[in-house]
Each structure stands twice: as C-alpha cells, then as structure tokens.
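Contents: one structure, followed by commentary.
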C-alpha cells in the first residue's frame, strides 16, 4: 500500500522532470535565445507582454524548436508505451514495438516514396500506411497459423518483417545512388531533424486515439499477463482486450516511425527501466513508461543535435545508449527477472 | 451452487479424450478426480470452464447451460485455480490477489477500496497476510498456491475448480493447502480438484471420481470406492490398502515395497 503512494510520487516527479526538460530544450540550440527572452516569449502566449525579443527568436522557438520538442516527446511516449503494452499482451519481456512488423513496413513505405520522388509529407504518409498494412497482414497470416495464437502472431511478425526488409533492400539497390540512396539510408537511421509543425499535426490524432485506450485498459492488461485461460476465468475477454491493445499500440508505433524513422531500443529499454522503478503493475507502469520515454527521447534528441557540429541520427544514439544500458539492467545484482 | 455435467464428450481430431461424462456436484462437496496422466482431467475442467467450446453434451451451473453464459457471468460463478506457476512478470502478492476482483469492476477502471478489503480479508483467512508486499515469483511453491487460492476467494464465486493444487508441494504444504480447501468446502463452496495422491484423496474428499480412458469408472464416497482393484485398474500398480484409526484413514502401499 505504501508502494502505491511511492509509485504515485514517482509518476508525479517524472511529470515535473518532463516539464523542466521541455523548458530547457527550448533554450538549447545553435541559435542563441537567452533566458529572459525565452521566458518572455513563452509567457507571452499566456499573459500579454510587450515584445522585447526579435521575430527571428520567436520563429526559431515556435517553428523549429517547438515541433521538434513536441515530436521527441510524443514519439518517446508512444514507442515506450507501445513496448510496455506489447510485452504485456504477448507475456514476453523481450517484445518491442516492432515485433509485429510496424517498423519494417514503415521503412518499406518510406523507401518506396523516396524512390518515387515524393514530397516529405507523402513519405510520412506512405510510411504510416505501409506500417499499418504490414501489421494487418501479420494478423491475418497468424489467423491461418496453427496452434497458439500468440506464437503464431510473433512468428508471422518475424516472417512478414523480413519480407518487407527484403523489399526495402531491393529498393535501395535500384535507387539512384546520388540522391535517393542517401535519403533512404538517412531515413532508416531515424532522426527528428527538419521536423515541421505539420508533422506534429499529422501524428497527434492517431497517437491520441491509441494512447487513451492503453491508459484506460491498464488494469485488464495486468490480468492478461497471466495468460488467456486464466484471464478468461477471471472475467476478462482476453481476445477482445488483446486485439484492442494491439491495434492501439500499432497505431501509435506506426505514427511514431512514420515521422521519426527507425528509432530502436526505446520501446524495449524504457519499459524495463520503468518496471525497475514502479514494478510490473500496469496501473503505474504504463504512465511511467510513457513519461520516461518522452524524457529520454527529448534528452537524447538534444544531445543528437548539439553534441557535434553535424547532427548524429537519433536511432544511432538510442542504440549506443540503449544496448549497454539494457545489459546493465539485466546483469545488475539483487534483481530477479 | 451445483455443477452438472451431462453426456459430455470431447475429442482432439480423431482421438476421443472425454467419452460420455455424467455427474453432478453439490454444495459443501469436495470432489477429487483421480486418474492417470492424460486421462482428460484438465480437459474436463477446461470444458466446465468454457475454455474449450467444441464439446458435445451439456455443462450446467446451477441449472443454467454454460453455452449461454458470457465470460463475465462465468467468472462470477466459478473461480479457477491453476497449478502454481511462474508468470512472465513478477507482481506483488497484493496485486496478484487483487486481480481476482477484476470481474467486479468495469472494463476501464481498476479495483477500489472494497476490493482491497476483500484482498486483505482473504490473505488473513488463509494466514498469509505477511506475504502481502512480497513478489509472487519470490515466494515458495506452497505460498504461491495459497496466493492463487486467495485470488479465487476474492472473486466471490461459490464454485472452485483446482488443477492439481498440491502438485510440486512439499508434504507440509500439501497438508496446509488441503486443510484450507477442505474448510472452504465445509463453508458451502462446491469444489472440484484433480489429484495424483490416493491417500490424500481418501482423507480429504467427500466424493471421489475415478477416470480412465475418458470415462468415469468409479464415483462415490471414498469409503465405498477406494479399493485395491480401483488403484490397480487406474494406475496398473499392485497395492495393499491398509485401514487405520477405525477406517478414518486408508493408506496405499505398493506391493513391491512390502
């Protein structure tokens, strides 16, 4: 019972940390915006203040930094929320958001759009569309598979993913090596550079549609981790709940990868970090994962754009940080998995 | 609450696992099912719980056909206690037991104060309050079985179905778990369990149901049907049955050991 109070406190503190990280992120960047101007611009949106800053500063803050900060938070929140949800419904601690092929599909869609000289908006749309198509395909293939539903889903996820990866490789092979190939390769590395407000408005609705049910169903997800039969005898319609959770998680994963490209490890490592902090009860695990994911990706994105003179793709950094950190988590003394 | 099974048959592909099962279990009864491995005890439970649907015949709970009942309605009548297991994720004992109350709350909400009180009462009743903050995967097998029993109690059903509740438990834990189950039957629960321990079956059960090849070969009070022939028939083992304390206890001794 004290555990509940402690966990509430953790969720609250993470919320506060997130708000501070967001404010600090507005301040960090190549174009200098000083604290006084920053606070002035931010507060002028709430209370009327006479302008004492330049228009460029306001443009930088609202058209360049704001969408990027918003997207880093949204993508981090969605990827780790989806990871935590998949781990629960598949009763598999190693499940990640791309387990059902959402990432492989998005990569194929993006590569296809780049090959056909599409606009950046079409690249995002194509990635989103193919991501959903891939997961739908995985789902229908698994319906035909014999035996356990969960194993069937995971196996068809692996197979369909590798099919789409092969497709992506083929597109890279035939792409124009001077322009298209680097564009595809860069997209696949995962990055939030060049984020526009339109990207945020593209993903915000699917993300909201996906995140809200995941938060509402978190007690049922606990019961689902006991396995289908047990969940049913406790009054949970396991097939129904699983399908809702899969659809929602897929929606937010697809929305995330369509604007950010391949950002690995967040969906696996952050839920595990959250499990260490608040335990496995989804009541606290889900919000903790989402907040931690948002904070993590925001910080890593700040590092990726400011550490060196050229930007390092986010996907590379998350892998560099994620993999060793995961090793630390699983080898740390005193924990039982 | 009664469980009535009428002409129940179930088969996987062309192999018939259950073949024309008929019985009726009443309140205050602890029914133990004896039978060799693979005889269909778990399959029978899965049919009763509506986890398997493709069976012939009928399962009636309190006279109502389970085919017409929703998952929620079933969970309000019957609680299932699986063999003690390791779930993929480690939950605290409190959370684990609280899951049993899920059927009492709506889909989008979590259990509230009333459910927390139920959990505390159930842990108290089974004498495992000290486990409340421990991790379910970090306690002993016997303790896990009692936690699962607590989870079934907070579900507030009148029927309990237990799949080999004493499998993999040490001798002391077997006695503790069986004593609790027996006292629940006395309080009015209808309880069915499967077991592999003939002595224990005789000691604790109100009714023994012996199964072989998907059929019921013996059904009745332990004193009537617990014989050397039955054990030989079920397990292909030659035993000598000794009666002790004016037939309050019967002990099976393998002949090859005497």
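Positions of Cβ are set from backbone N, Cα and C atoms, glycine also.
As annotated by TrEMBL, transmembrane segment applies to A:9-29 (among others). Beyond the ends of the transmembrane segment (A:9-29), by six or more residues, the same chain brings 35, 38, 42, 60-61, 64-66, 69, 72-73, 277-278, 284, 287-288, 291-292, 294-295, 298-299, 301-302, 305-306 to within a C-beta distance below 8 angstroms of the stretch.
Panel annotation: around the transmembrane segment (A:66-86), residues 18, 22, 25-26, 92, 95-97, 99-100, 192-193, 195-197, 199-200, 203-204, 207, 210-211, 214, 221, 245-246, 248-250, 252-253, 255-256, 259-260, 263, 266-268, 270-271, 274, 282, 285-286, 289-298, 301 of the same chain, lying at least six beyond its termini, place a Cβ under 8 Å from a Cβ of the stretch. Residues or ranges marked as transmembrane segment in TrEMBL: A:66-86 (among others).
Long-range contacts of the transmembrane segment (A:98-115) within its own chain (CB-CB distance under 8 A, at least 6 residues past either end) are made by residues 86, 90, 122-135, 137-139, 153-154, 157, 160-162, 164-165, 167-168, 171-172, 174-175, 180, 183-184, 187-188, 246, 250, 253-254, 257-258, 261-262, 264, 267. TrEMBL lists A:98-115 (among others) with the feature transmembrane segment.
Residues annotated as transmembrane segment in TrEMBL: A:121-142 (among others).
According to TrEMBL, the transmembrane segment annotation covers A:149-171 (among others).
Positions annotated as transmembrane segment by TrEMBL: A:200-220 (among others).
According to TrEMBL, the transmembrane segment annotation covers A:241-270 (among others). Away from its own ends, the transmembrane segment (A:241-270) comes close to residues 71, 74-76, 78-83, 85-86, 88-89, 94-98, 100, 102-103, 105-107, 109-110, 124-125, 127-128, 131-132, 135, 139, 186-192, 195, 199, 202-203, 206-207, 209-211, 213-214, 217, 220-221, 224, 231, 289, 292-293, 296-297, 313-315, 318-319, 321-323, 325-326, 329 of its chain (Cβ-Cβ under 8 Å, at least six residues beyond either end).
Taken from TrEMBL, the feature transmembrane segment covers A:282-300 (among others). Sequence-distant contacts of the transmembrane segment (A:282-300) (same chain, six or more residues past either end, CB-CB distance under 8 Å): 4, 7-8, 10-11, 14-15, 17-18, 21-22, 25, 69, 72-81, 83-85, 88, 211, 214-215, 218-219, 221-222, 263, 266-267, 270-271, 273-275, 314, 317-318, 321.
According to TrEMBL, the transmembrane segment annotation covers A:312-331 (among others). Within its own chain, the transmembrane segment (A:312-331) is flanked in space by residues 186, 188-192, 260-266, 268-269, 272-273, 276, 297, 300-301, 303-304, 337, which lie at least six positions past its ends and keep a Cβ under 8 Å from the stretch.
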